[in-house]
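Only one structure is covered here, and it is reproduced in the block below.
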Amino acid sequence: MNAMMQPPPPPPPPTSSGTGSPAASSFVRTYRAWQGNNVFFLRGRLIFGPDVKSIFISLFLVIAPVAFFCAFVARKLIHDFPHHAGWSIIVVVIVHTFFVLITLVLTSGRDPGIVPRSAYPPPESDDDADETVPRAASTRPRRSKIVLVNGVPVKVKYCDTCQLYRPLRCSHCSVCDNCVERFDHHCPWLGQCIGLRNYRFFYIFVLSATLLCLYVHVFCWVYIKKIMDSEEKTIWKAMIRTPASIALIIYTFIWVWFVGGLTVFHTYLISTNQSTYENFKYRYDRQLVNPYDRGIVENFKQVFCTSIPPSKHNFRAKVPKDLPLSESHQRVVGGQSLSPMLKKTTENEVEERNVEHRRDGELRNVSQNESMSIHRESGEGQEASFFRQSLWERTSRKWEITPEVVTANSCSSGNPTQA
């Protein structure tokens, strides 16, 4: 009787570890809900750009000539040096090639410094409001602001796609569709943006690739010289005896100008504390002061002797499936934010923002009705009233324009604003 009176045990709470449980189905990995154009591998452990296939071309351009060199040149030089020193030629080129490939993967397969997107546009302060523009149209954030960096005014632009004011030295990559900290450029050969978190490895990659080209180039000439000395032939007849060396000499000569030129150019950029984007856009010279230049030694120490900041994204973390990723960055399982630079959005903040948007909509409707009534009282015709109404409707629908159109309009206008 007592056993019949006992209530049934409560069902076990849903857990996120089960593959078919409701809790597991309501969450998704961050990389699966990513809003950019990136491509992920190893379940979010590696992140690449949309042109990731170009990496295989770069790998082929490195591995194929090295294999060709080992098979037709280095193998012939093994017994031409005393004390088996010829084996070191193959060992060095293989180790050097592996180092180049490691720096290539470290450059192209990591987060370059992507800035988390914002779920809502930043609120506009009273000082930023423009009294000459109707209130319904002034709810859009300003295109740019001016901040002081070491006493030099620097313009900080607003990104319509990410809905935030970009940090200093940050730019939006049109290929990956992300804002990247200390954006340098998007490298099509590596299929990745070059930014704050991978610029160091990019420079080491182009430098080591330059040294590899020079290494192969020099030892091809050494092999030709060995043929000249052993068979007492002219340089032209010795070159005919080894067409593989001629092909490698031409190949490395062409590529050493490319990767070597990049090495020299980025050495100059590091010494002056510039990025490729800043160098082509601002062209710091005597008229325009570089606010980030600290001197050659300090500039190199900033790139190579400082710790790489952690990524602002945890691509393998679980986020709610029904929320946009920009908001999911701020509301994460366990209450920890994936984006340290953004505040955690609570339910009350979301509700407050929704109320503000509804209030702005009501104000726009009231302003529209007032403008229509003024036209009626002034005796203007029905066509003028309809034109005025359409104007207000277009103004009220500014946030319905796609971010690409807004960005295009802002770039075409190019009107800077004061702080």
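Cβ coordinates are placed from backbone N, Cα and C, and glycine is handled just like the others.
What TrEMBL says about this one:
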COMPBIAS  1-15  compositional bias 'Pro residues'
DOMAIN    157-282  domain 'Palmitoyltransferase DHHC'
REGION    1-23  region 'Disordered'
REGION    117-139  region 'Disordered'
TRANSMEM  55-74  transmembrane segment
TRANSMEM  86-106  transmembrane segment
TRANSMEM  201-224  transmembrane segment
TRANSMEM  245-269  transmembrane segment
Average pLDDT across the domain 'Palmitoyltransferase DHHC' (157-282), rounded to a whole number: 93
Counts of helix, strand and coil residues, the domain 'Palmitoyltransferase DHHC' (157-282), according to DSSP: 76 helix, 17 strand, 33 coil
Cβ contacts under 8 Å made by the transmembrane segment (55-74) with residues that lie 6+ beyond its boundaries: 48, 86, 89-90, 93-94, 97, 100-101, 104, 108, 189-191, 209, 212, 216, 219-220, 223, 242, 244-245, 247-248, 251-252, 255
